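Chemist: Pulled these features from Swiss-Prot for this protein:
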- Gly68, Pro69, Glu70, Ser71, Ser72, Gly73, Lys74, Thr75: ATP binding site (BINDING)
Amino acid sequence: MAEEKQKKSVLEKALKRIEENFGKGSIMILGDETQVQPVEVIPTGSIAIDIATGVGGYPRGRIVEIFGPESSGKTTLALHAIAEAQKMGGVAAFIDAEHALDPVYAKNLGVDLKSLLISQPDHGEQALEIVDELVRSGVVDLIVVDSVAALVPRAEIEGAMGDMQVGLQARLMSQALRKIAGSVNKSKAVVIFTNQIRMKIGVMFGSPETTTGGLALKFYATMRLEVRRGEALKEGKDVIGNVVNVKIVKNKVAPPFKTAQTYIIYGKGIDREYELFHIGVDEGVITRKGSWYYYTTLKGEEVSLGQGGSNVVQFLKENPQIAEEIERRIKEKYGLLRQTEKEPEKADKSS
């Protein structure tokens, strides 16, 4: 007993010296209730992907990678995240390494262009230095880097076209992420990197696909989303969009390998009401009787949503209050409701 007290006393003195030398919070007891906080997130803009992440969105203070083939919806997901961050009153930045941002499309997705910070860097070092400065400022909530493949090292740009520059980009990413990872956690910002897929030559077994920029991003990313283009969405004979299949291949804040299916309409982005209809039916929030669909409100009133899926989607677009109520009910089922979203529900019940 005396030995345990002595150990405790020595430990307390050691902790005190560490805090004096390195500042308060440099070391802490994990079980201390004042230190353990629920994971804060920025919503993805898709309720299906919010559910798949397990925490309701992209975790703050972490690095996220969204990767997939060309035209699979990576930039669209990143822009939706920016729109969600801005809705929460946050500051967002877009590092356009590809020099391909379409402002009109971004605006259609709900991005406030007047408050969006944008940079079109000349080379990879400049892009990552800008990211580091924004993170260290502590006032930027979301930073999107589009894309890792376009982060060309300065030496490669200044060299001749045929010069062999082995591993330059991988070394650049490794060095930058070592700097950024620590400051991201303190700033509570989310840094999203979009990335492209390349083929490994000579692979006989397993997947030949890999992402650009070396292995560093795979290690430092808390969450990695694999995005794949699915079947086309048609209105009559016209193709108006496509299904996007998302798989959470890495997740440090919730169980990984969950999948989600979302729907992107060309020129408009993710169709929220289309998602609500499909998830609502799957979760029993929306009931079906024959070809008609119904929803029972929090007040106990049964509302007819329409006959056939397309009419239900149109009804939800025209009645945003019911759409929001259905969304809250779905999120509640998965335990994803934030405190700010619980208040309207309580108000409805009290009335």
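One-based numbering along the chain as shown.
Just so you know, glycine gets a Cβ as well, placed from its N, Cα and C.
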Chemist: When you measure from the Cβ of Gly73 (ATP binding site), how many other Cβ atoms are you left with inside 10 Å?
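Modeler: Other Cβ atoms within 10 Å of Gly73 (ATP binding site): 25.
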Chemist: Taking the mean position of the Cβ atoms of Gly68, Pro69, Glu70, Ser71, Ser72, Gly73, Lys74, Thr75 as the ATP site, which residues outside that list, in the same chain, have a Cβ no more than 8 Å away, listed in sequence order?
Modeler: Val227, Arg229
Chemist: Quick one: among the binding-site residues Gly68, Pro69, which has the most Cβ atoms sitting within 10 Å of its own Cβ?
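Modeler: The residue with the densest Cβ neighbourhood is Gly68.
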Chemist: In DSSP terms, helix, strand or coil for Ser72 (ATP binding site)?
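Modeler: Note: Ser72 (ATP binding site) is coil by DSSP, not helix or strand.
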Chemist: Highest Cβ count within 10 Å among the binding-site residues Ser71, Ser72: which residue is it?
Modeler: Ser72
Chemist: What's the number of neighbouring CB atoms sitting within 10 A of the CB on Glu70 (ATP binding site)?
Modeler: 8
Chemist: Under a criterion of Cβ-Cβ distance under 8 Å and sequence separation of at least 6, what residues of the same chain contact Lys74 (ATP binding site)?
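Modeler: Listed in sequence order: Ile66, Phe67, Gly68, Asp146, Ser147, Thr194, Asn195, Val227.
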Chemist: Taking only same-chain residues 6+ apart in sequence, whose CB is under 8 Å from that of Thr75 (ATP binding site), what do you get?
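Modeler: Once residues fewer than 6 apart are set aside, Thr75 (ATP binding site) is near Asp146, Ser147, Thr194.
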